[in-house]
Amino acid sequence: MRHTYLPGWYLPGGGVERGETLLVALHKEIREEGNLEAASRPELFHVYLNLEGSNRDHVALYRLEVTQTELKKPDHEIAESGFFDLSELPQGVTAATRRRLAELAGEAAIADHW
């Protein structure tokens with residue numbers, strides 16, 4: 001997805017609110033950012049340390065099957081979204097997003113830092 005307030009393409013995601021579990025946050029974020037619903041049980045792929053925000057920020061990356069009954073319409077946060085073949089990613093996919101996709105595809109070793 002491409003945000004309205006940041007350059008580049010990213011994986012869907014967001015923060016975990018106080019009192020919210022990781023899975024509740026996952027379902028909320030995929031619904032809000034991609035109009036997606038889980039079609040399988042989310043599988044935790046890896047937890048990364050992200051030093052760009054702070055020295056305490058951890059990113060949980062899940063693998064899951066999703067369904068989408070209607071395309072996500074652009075809004076104040078999401079300018080554009082879509083599904084792409086790994087060999088045909090749009091211009092502007094961030095380096096971190098490319099690394100995560102390569103890891104998920106088994107084409108790169110899993111890093112500990114985002």
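Note: Cβ is positioned from N, Cα and C throughout, glycine not excepted.
The domain 'Nudix hydrolase' annotation in TrEMBL covers 1-107.
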Mean pLDDT for the domain 'Nudix hydrolase' (1-107), as a whole number?
96
Secondary structure content, the domain 'Nudix hydrolase' (1-107) (per DSSP, counts of residues):
26 helix, 26 strand, 55 coil
